[in-house]
Each structure stands twice: as structure tokens, then as C-alpha cells.
Amino acid sequence: MGCDRNCGLITGAVIGAVLAVFGGILMPVGDMLIQKTIKKEVVLEEGTIAFKNWVKTGTEIYRQFWIFDVQNPQEVMMNSSNIQVKQRGPYTYRVRFLAKENITQDPKDNTVSFLQPNGAIFEPSLSVGTEADNFTVLNLAVAYNNTADGVYKVFNGKDSISKVAIIDTYKGKRNLSYWESYCDMINGTDAASFPPFVEKSQVLQFFSSDICRSIYAVFESDVNLKGIPVYRFVLPSKAFASPVQNPDNHCFCTEKIISKNCTSYGVLDISKCKEGKPVYISLPHFLYASPDVSETIDGLNPNEEEHRTYLDIEPITGFTLQFAKRLQVNLLVKPSNKIQVLKRLKRNYIVPILWLNETGTIGDEKAKMFRSQVTGKINLLGLIEMILLSVGVVMFVAFMISYCACRSKTIK
């Protein structure tokens, strides 16, 4: 009888040990299977999940505009007073609903090229007015429709998944011809996705044709997006700092007067990118800008929650599932004897014209599909691994303790 009981206890301990070992083995094997599946599905080629969503996004993307309405134009022209502005908006358009065009795979260098057509549909229900409002210094849809961005040429990831979606060339070039040194380089992706297995320690680089430069985002926090764990990456203030604060930005300072010998920060002169027009880009309401930039403008209220840019990245696939891209368009206005309304000006102004908020969030159906096909399976596998390991260890320890206790009683 004692032998049968001891044998049973040893058998239980062995089964526990086997379960624990199997659970331990399943961890690296499971991770390997996940990586293999992800590496297959994020390649930009016909038949993959990534390609289907890349050609035409299933996410509804909206671009909202707020117009800065100048309240005291006569005072400014006559007395060089501070410009008083009041933002009016939003005026909302649905954008990026058109599929990529001229998609061409190049097996020689494992790239795929494409053209991204632009389109804008005005959304009256999400707007405060109509496109016929007086200050539409912008018929925004007309300015945006029937245009295209590109040609882009990006790596498809077939030879190296670590390069998938990274831009090889833009309009046939690897440089922009707007900036000096490395500032002129086209780096990273277009921010719609990144190579898979994103780490919190990474600096995510991406190129934006809207601001005529490459820029980057850093990890801020973990976010739960419709049941999907994502990493929130944000554009740091350091990206907009002066060369004095951040020497890496020295090649973005292209003149010495307006920038006060490259000590001002938070605005970017993109006139070379805009056919010489005096256009400056910033974050809305001059967020992260130096005080001298906004000292001539009254009525601005910058705050991070409304005015910063962020990307919510699903780290395993590298897909951007939610984002908010915010930027402000400004014009440099200077005294000029040749222009009547500017003759009496005694100082320079960087005048905010409008700011935009482009947002997109994965839809409920897409989120459900993503949970079932990606995060759900990964979580289930992780749960099975932990159950096997935990149950196995508990069984092994419990049966071994019982066995030792029985042996001790038998000896006595």
C-alpha cells in the first residue's frame, strides 16, 4: 500500500515536471512561431495582411482646419501693434480615402514604389461653417484634390523585415535638396507603419512631406486602444529646439536674422520647399516655441493635449493604429516699402494662418479582427504557457513534498 502511494506521488511529480518543462519549452517555440507569422504577414506583397491595409487604409482619416482670424488689421498696419487673432473652426475634411496608385514591385532591390493620390471631402456635420465662409483664404478641398504625393519607393521587407516600409527614395531621390548635411536626408517610414517588434527604447524616424523634412518620435506611455495594447510615441520638444539647445538641429537653421542668430526655437523656415514663399511651420499655437516667436501675437493658448503630435503603435506588428498629426502654417511678414500695407510696419511678424489636426483611429470592426487574429492568439498562447508552467511547478512541488512526508513517516 505504501509503495503504491509513493509511486503515485512520484508519478504526479514527474507529470508536474513534464508540464513545467513543456510550458518552458513552449515559450521560446511559441515566440519563434509568432515571429515567423508576423514576419510573413507584414511584408508588403500581394496576399499579406499588411499589403491589403497598406494599399487602401480601412481607417477613416479626418483633417480639421482652424483658421486664425485677425481682429485688428488696421491697428497693425498703422501702429505695428501686436496682432490679435481668434481661431475659427474646425472645418473638417475626410482625407486619404483613395487607394495607392502605380504600385510597382522591384524584385532586384526588394522595394515597392507607389503614388499616393490626395482627395478631400468636406464634412459639414463635423464643421462649424461652410466652404463658402469669407475667410477661406483656402478653398481647402480645391487646394488638396487632384494632387498626389510621391512617387515613394519603400522597402517591402522580403529580404529583411527590419527594413519594411522604410523609404528608399522620394520623388526619385534620397535627399530633399532643402537642407544642409544630414538634415536633408529622407529617414524612416511615412509613419503609417514601422518595422515589427517595436521597442520602447527606440527612436521612430519618419518623413513628412507636409513639413519638408524627416522627424522622429519617442516613447511616452502604454495605452489600451479598444482592447489592443499599444505604445504611444510623441514628437518631443527637443525635435523643435534651437541649435543652442540641441546641436543636432544646426542644419535646420537657414538664416540668422529672424532666428535671432539661431537662438529662436519652435518654428521651421520651409521657404526653400515652398518656391521661396516665406512659409514657417510650427506646432499649433506655437507649442514648444521660444517666447520671442509669439510675443507679437495675442490670442494664442498652446497646450500639449490639443496641440502635440502622437502615434499609437502596436509593437508586435509595427502598425500605427491611432495617430494625431498637428501642425501650424505661418507666414513671415516684414516691413516693405514696395507694398503699401506693409510700409508702416516697424518689426517682423511670424503670423499664424491656420493649424490642422489630422487624426485616424482603427475602426471597431478592424480592432475586433486585429484582436482575434493577432493579439488574441498571442495572449492565448502566453496564457497556455503560463498555465502549463505554473500547474507543472505546483504539481511537482506538492507531490514531492507529499512524497518526502510519506517517506519520513515510513522511516519512523
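From the backbone N, Cα and C atoms, a Cβ is placed for every residue, glycine too.
The ubiquitin cross-link annotation in TrEMBL covers LYS409, LYS412. Residues or ranges marked as disulfide bond in TrEMBL: CYS183-CYS251, CYS212-CYS273, CYS253-CYS262. Per TrEMBL, the feature site 'Critical for TLR4-TLR6 dimerization and signaling' maps to TYR403. What TrEMBL lists as transmembrane segment is 7-29, 380-406.
Of all the disulfide-bonded residues in the record (CYS183, CYS212, CYS273), the one with the smallest CA separation from CYS262 (disulfide bond) is CYS183. Listed in sequence order, the residues of the same chain lying 6 or more apart from CYS183 (disulfide bond) and placing their CB within less than 8 Å of its CB are ARG213, ASN249, CYS251, PHE252. The Cβ of CYS253 (disulfide bond) lies under 8 Å from the Cβ of SER242, PRO243, SER259, CYS262, each on the same chain and at least six residues away in sequence. The Cβ of CYS262 (disulfide bond) has 16 neighbouring Cβ atoms from other residues within 10 Å, across all protein chains displayed. CYS273 (disulfide bond) is surrounded by 20 other CB atoms, counting those within 10 A of its CB over all protein chains shown.
In sequence order, LEU176, TYR178, ILE270, LYS272, CYS273, LYS274, ILE281 are the residues of the chain that are 6 or more apart from CYS212 (disulfide bond) and have a CB within less than 8 Å of its CB.
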